[in-house]
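Asks: To start, I am sharing the structure in question, which I have written as structure tokens.
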Amino acid sequence: MKESRRKFLKIAGVSAIGIGTGSVLTAFASSGSKEEKAAQAAGARFKHRAESLKAGHWGMVIDTRKIDADLAAKIQETCHSIHNVPGIEGKQELKWIWPSDYKHVFPMQTNPYVSEQLKKAPILALCNHCENPPCVRVCPTKATFQREDGIIMMDFHRCIGCRFCMAGCPYGARSFNFRDPKPFIKEMDPMYPHRMIGVVEKCNFCDERLARGQMPACVEVSKGAILFGDLDDPDSNVRKALRANTTIRRKPSLGTSPSVYYIV
Amino acid sequence: MLEKAINGSSKYWIWIASLLLIIGVAGLAWMKQLDQGLVITGMSRDVTWGFYIAQFTFLVGVAAGGVMLVLPYYLHDYKAFGRITVLGEFLAIASIVMCLLFIIADMGFPSRLMNVIIYASPDSMLFWDMIVLNGYLFLNILVGWNVLEAERNGVPAKKWVKIFALISIPWAFGIHTVTAYLYCGLPGRGFWLSAIIAPRFLASAFAAGPAFLIILATILKKTTGFDSGEKALRTLSKIVCYALIANVFFFICEVFVVFYSQNPEHMDHFIYLFWGTGNLVPFMWASMILMVTGIVLLLIPKYRNNLSLLPWICGIVFIGTWLDKGLGFVTGGFVPNPLHEYTEYAPTALELVISMGIFATGFLVLTLLFKMVVGIKQESGDTTPH
């Protein structure tokens with residue numbers, strides 16, 4: 001079982017060191033555990049693709065000033081079509097990235113006198129790929145897990161559909177397949193798997209595109225309004241943007257430390 | 001001992017058949033849910049847990065409530081409970097069976113249930129909940145069965161049985177504490193993010209569980225002649241009373257913190273539940289009124305000691321605590337959602353039918369176990385207290 005698990009991670013183009021590390025219980029254990037060593041040994045047999053994009057910790061900066069309703073809709077449509085997110089409407093909808101507004105995306109950070117521009121602006125909501133993710137902590141099967149480069153992944157083949165991660169997520173970023181999504185997918189994209197009934201899904205920072213050397217789809221269609229890069233690299237585009245602008249993150253008081261930053 | 005359960009009057013068999021009928025109908029509804037997914041429920045992207053998980057949460061309490069018989073008997077040698085501790089243990093078994101079935105009913109991908117063991121994740125409170133619930137089930141089967149068998153053979157129970165009975169006492173507190181931890185450790189859910197949740201769960205459990213036992217004891221006396229004894233019921237009624245007072249007190253503590261601090265992330269859930277436009281408002285107020293009424297009636301000796309009135313008071317207590325924990329608690333935590341949007345939840349008919357099937361399964365287990373108990377008590381001539 002462990003072997004196939006590792007294969008899955010390797011194919012996704014990552015190291016398996018994420019398993020079991022960064023957890024509450026192993027945080028006190030000394031580094032270089034058996035699991036890690038085994039993962040490193042396995043790593044010798046799996047190579048990163050030469051063209052894949054790598055980072056110490058992926059981060060995103062969304063310049064809300066540059067996104068209007070049309071662009072937001074286009075971003076959402078692009079993301080949902082390449083990830084086979086079904087177009088189900090109503091209370092049981094699924095969404096990975098969607099335009100909301102300032103008072104809902106930042107419910108405790110608003111005030112009655114925010115600028116007219118901010119009041120009207122579509123603010124994109126998506127998974128924050130938290131550094132300290134509650135969803136990963138609560139998952140009873142490690143079906144949702146944190147990669148070394150900070151991306152919070154979903155293993156659709158392991159998820160038992162308990163939806164504990166949805167209760168745990170403080171950002172409402174996760175969706176559940178209440179029904180078979182297939183009839184609701186307009187055009188199936190063969191580059192990404194569709195899901196079965198009963199599993200949870202969410203934004204994956206386009207890990208499948210990063211592995212192919214491409215930027216996330218939302219970044220590509222955003223005309224520069226969304227930046228994506230390595231937060232660990234002081235010279236990266238995201239770090240430059242963070243230095244030059246005042247940015248905020250969602251619900252900072254919760255200690256989740258989101259990897260998505262907003263210029264407002 | 002099982003033969004005692006298959007030897008009954010026609011009324012007994014009609015009861016069993018009705019339960020099986022409900023289970024059968026619910027089984028069909030569950031097949032539909034397996035085929036189509038949780039789309040058949042009233043749950044949504046915002047309210048991701050509903051009636052199933054709420055029943056699970058409440059029933060963990062009923063299961064833990066059995067310890068209010070086990071603790072006085074095994075720790076304090078309170079003899080009046082000696083004859084009926086097995087009823088508490090068997091109620092715990094039936095409740096845990098229902099809890100596990102509700103968890104399975106709620107799963108999106110139930111065929112992957114074993115992933116919880118295969119990919120054991122000690123960071124997840126659900127992992128620990130699985131361990132404590134199954135452990136409690138095992139302990140109660142072990143202790144209940146052996147004590148009953150010893151009684152049947154007219155010998156005192158073996159010493160090792162007592163050791164497991166003693167272990168089951170802190171374990172009972174454990175099951176409801178861990179169940180509370182499922183909720184109260186989530187940073188983004190203000191309604192649940194409170195250290196009072198586990199104590200409050202225990203207090204409401206120690207009211208609801210013994211209240212239900214008093215009702216069951218009354219039914220047993222009417223239908224089988226087995227008398228639990230006035231002294232035992234009177235003591236239980238006092239336990240219900242003080243546990244209920246503790247529950248309401250803890251709730252008031254929570255209400256004070258929430259409304260005096262005026263922190264909207266916590267307060268807005270309470271406003272939704274008690275003063276909002278949602279469909280839960282009348283149920284929440286009914287819960288409060290029933291619990292306060294229960295306290296008043298149980299505090300006055302004239303009413304508490306009236307054994308024909310007591311089961312009705314216990315009914316009030318049971319429904320009051322159920323509305324609070326089995327209806328309001330879970331949904332209340334999801335509304336408003338993390339984006340501060342309000343999405344209503346109400347269970348669908350199919351969701352309720354499946355739930356009824358699980359309740360019927362629990363009652364079936366309870367009936368068979370209690371039938372065994374009564375059969376053996378009749379055999380040993382122990383149908384009335386000495």
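Cβ coordinates are placed from backbone N, Cα and C, and glycine is handled just like the others.
Keep in mind that TrEMBL annotations are predicted by a computer and have not been checked by a curator.
Summarising the annotation, TrEMBL assigns transmembrane segment to B:12-31, B:51-74, B:86-105, B:125-148, B:160-183, B:195-219, B:239-260, B:280-300, B:307-323, B:352-370.
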Asks: With pairs 6 or more apart in sequence, are the transmembrane segment (B:86-105) and the transmembrane segment (B:195-219) linked by at least 3 Cβ pairs under 8 Å?
Replies: yes
Asks: Tell me, please, if the transmembrane segment (B:195-219) and the transmembrane segment (B:12-31) are in contact, taking contact as 3+ Cβ pairs under 8 Å between residues separated by 6 or more positions?
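Replies: Not in contact, no.
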Asks: Under 8 Å between C-beta atoms and at least six residues away from its ends: which parts of the chain pack against the transmembrane segment (B:12-31)?
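Replies: Those are 105, 350, 353-358, 360-361, 363-364, 367, 371, in sequence order.
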Asks: If I count Cβ-Cβ pairs under 8 A between the transmembrane segment (B:51-74) and each of B:160-183, B:307-323, B:352-370, which range comes out on top?
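Replies: Between the candidates B:160-183, B:307-323, B:352-370, the best contact partner of the transmembrane segment (B:51-74) is B:160-183.
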Asks: I need to check the long-range neighbours of the transmembrane segment (B:160-183): which residues 6 or more away from its ends have a CB within less than 8 Å of a CB in the stretch?
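Replies: Same-chain residues near the transmembrane segment (B:160-183) but 6 or more away: 57, 60-61, 63-64, 66-67, 70-71, 74-75, 89, 92, 125-126, 128-129, 132-133, 135-136, 139-140, 142-143, 146-147, 150, 189, 192, 197-198, 200-202, 205, 333.
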